[in-house]
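Asker: Okay, so TrEMBL annotates it like this:
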type	residues	note
BINDING	A:Gly165, A:Arg166, A:Ser167, A:Ile231	NADP(+) binding site
DOMAIN	A:5-119	domain 'Tetrahydrofolate dehydrogenase/cyclohydrolase catalytic'
DOMAIN	A:139-280	domain 'Tetrahydrofolate dehydrogenase/cyclohydrolase NAD(P)-binding'
Protein chains: 2
Amino acid sequence: MATLLKGKEVAEALKQKLTVEVENLKQKGITPGLSIVIVGDRADSAAYIKGAVKRCTEIGIDCRVEELPGDMSQKDFIDDLHRLNNDPAVNGILIMRPLPSQISENAVKYEISPEKDVDCMSPVNVSKIMSGEDGGFAPCTPSAVMEILHHYGIEPEGKRVVVIGRSMVVGRPLSMMLLKEHATITVCHTKTRDLAEETRRAEILVAAAGKARMVKKDMVSKDAIVIDVGINFDEDGKMCGDVDFDEVNPVAGMITPVPGGVGAVTSTILAKHVIEACKVSSLKTMKFMCPKY
Amino acid sequence: MATLLKGKEVAEALKQKLTVEVENLKQKGITPGLSIVIVGDRADSAAYIKGAVKRCTEIGIDCRVEELPGDMSQKDFIDDLHRLNNDPAVNGILIMRPLPSQISENAVKYEISPEKDVDCMSPVNVSKIMSGEDGGFAPCTPSAVMEILHHYGIEPEGKRVVVIGRSMVVGRPLSMMLLKEHATITVCHTKTRDLAEETRRAEILVAAAGKARMVKKDMVSKDAIVIDVGINFDEDGKMCGDVDFDEVNPVAGMITPVPGGVGAVTSTILAKHVIEACKVSSLKTMKFMCPKY
């Protein structure tokens, strides 16, 4: 059986580190602040928001949820966003997606302050991730994958890494992040001709296809490290990943379960990004007040 | 012997199409304009600029070269750039790189108007290329690679494409562009463990490593399509690509020569981007003057 890569363990270790960082900031009179913005009733976001608020609050972040009316205009939404951009108590802004149809995500992404954009909506952050520049915010999910690899001492450098999926929330940014850490990356997707042939070559296989239990044992080579990003519900309503865990577990060397894998780390990554944003912002303030700082 | 993919043929076909487009624009009283900005004496840029001006002028683009003093301050440079951003006669701006050390490319890229940024310096364009959005400008070299593939009817969809090199001017954006056209892409680089094993799997192999004749025959599978992006000079001062042409030619199915391959297409791509920028800009002007347009 494969070694379990436990998201909860990764999240706990990161949480402890972050809690100390927030304590240090608070001793300087600084409290990191996160604003989660939700437009209209979105039952599907409720569980995520609840978890994120709980986790960020535990770490010491000042967390607010802005519930905005579902029928508000794009202009009003952007005005609200500008208010958050300019609010010094807010270091991170997380906009729950999808937005209602009258508000264009494509317009909004140019309006969120890149410095507060902790989930990589702004083109400035997308560009930083693509170019491998430091200082940008990647989306929380691919950052959670990297955190798991780092926590367990898994070094992507020189390894053959295969990513299934090419979305802007996981596949594409994760490929660029793995490339930055010197992996040889292959990106597969629905148009890949022989998917199993590609995935069997992977030393690290990341499944981010959004298709329940699609990765079967014949797609995984012996001792491969399997990271499952999928969150799906099967016909019985049971949560499952993109990997057929029972089949793949005996073949893989290491594997993340679902639930309890990548998904268990994302809200702690959100906290990490907020704290990073806060540190950059407070450094800027100090430089402004005391140019020699 | 492999079929030669001739850059000149691709460039000529594109030139004819673009010349007609410019004629149509001119009949409406619109002339596309390009400004090439060069700071200080850069002998290495002279040949490229000369070629670009010649090609763009032949196509009917109004081409100016702005030669700025090599010791100018960053502030003065950015002021000049803003002037070009606001000049309605300038549709495309090409800033020759590298810039002198007192001017930070990292600062400049946020200042160039994304609508006029015909060589993908702006994070807005980088982000569009990464996300596969329409309407952005990719850097001219990877666009030239795509143009060659399209001209010769080579369909990336479903194919295994291996790119050697992960630079921001070729490897990374090209990978994303090929992904948009549904290729299964692998990105290799100096840290790739067994490069030959990876490249032998390629149905399309793109060499963008910047290392003279590094792709040998044992790295190429029979009948592969080989695109050579390299422009190097060997110990005898002879121009050569990243591919050892004489060795690989008998193995490959199709191959681009150097010179006369990708490099022969880039300046025509520059013209294409300027014309696209001009069309978008004139459409905006018309919409502004006549909202019903």
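The backbone N, Cα and C atoms fix where each Cβ goes, and this holds for glycine too.
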Asker: Can you break down the domain 'Tetrahydrofolate dehydrogenase/cyclohydrolase NAD(P)-binding' (A:139-280) into helix, strand and coil residue counts using DSSP?
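Answerer: Taking each residue of the domain 'Tetrahydrofolate dehydrogenase/cyclohydrolase NAD(P)-binding' (A:139-280) in turn, the totals are 52 helix, 26 strand, 64 coil.
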Asker: Applying an 8 Å Cβ threshold (strictly under) against chain B, tell me which of the binding-site residues A:Gly165, A:Arg166, A:Ser167, A:Ile231 fall inside, in sequence order.
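Answerer: Of A:Gly165, A:Arg166, A:Ser167, A:Ile231, the entries that lie near chain B are A:Arg166.
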Asker: With every protein chain in view, what's the tally of Cβ atoms within 10 Å of the Cβ of A:Gly165 (NADP(+) binding site), excluding that atom itself?
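Answerer: Cβ-Cβ neighbours of A:Gly165 (NADP(+) binding site) within 10 Å number 23.
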Asker: What is the pLDDT of the domain 'Tetrahydrofolate dehydrogenase/cyclohydrolase NAD(P)-binding' (A:139-280) when averaged and given as a whole number?
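Answerer: Its mean pLDDT is 98.
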Asker: Could you state, as a whole number of Å, the largest distance between Cα atoms of any two of A:Gly165, A:Arg166, A:Ser167, A:Ile231, the listed NADP(+) binders?
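Answerer: Largest Cα to Cα distance for the NADP(+)-binding set is 16 Å.
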Asker: Provide the number of Cβ atoms within 10 Å of the Cβ of A:Arg166 (NADP(+) binding site), excluding the reference atom itself.
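Answerer: The answer is 24.
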Asker: If I restrict to non-local contacts, at least six residues apart, and a C-beta distance under 8 angstroms, what lies near A:Ile231 (NADP(+) binding site) in its own chain?
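Answerer: Within the chain, A:Ile231 (NADP(+) binding site) has Cβ neighbours under 8 Å at A:Met239, A:Gly241, A:Val258, A:Pro259, A:Gly263.
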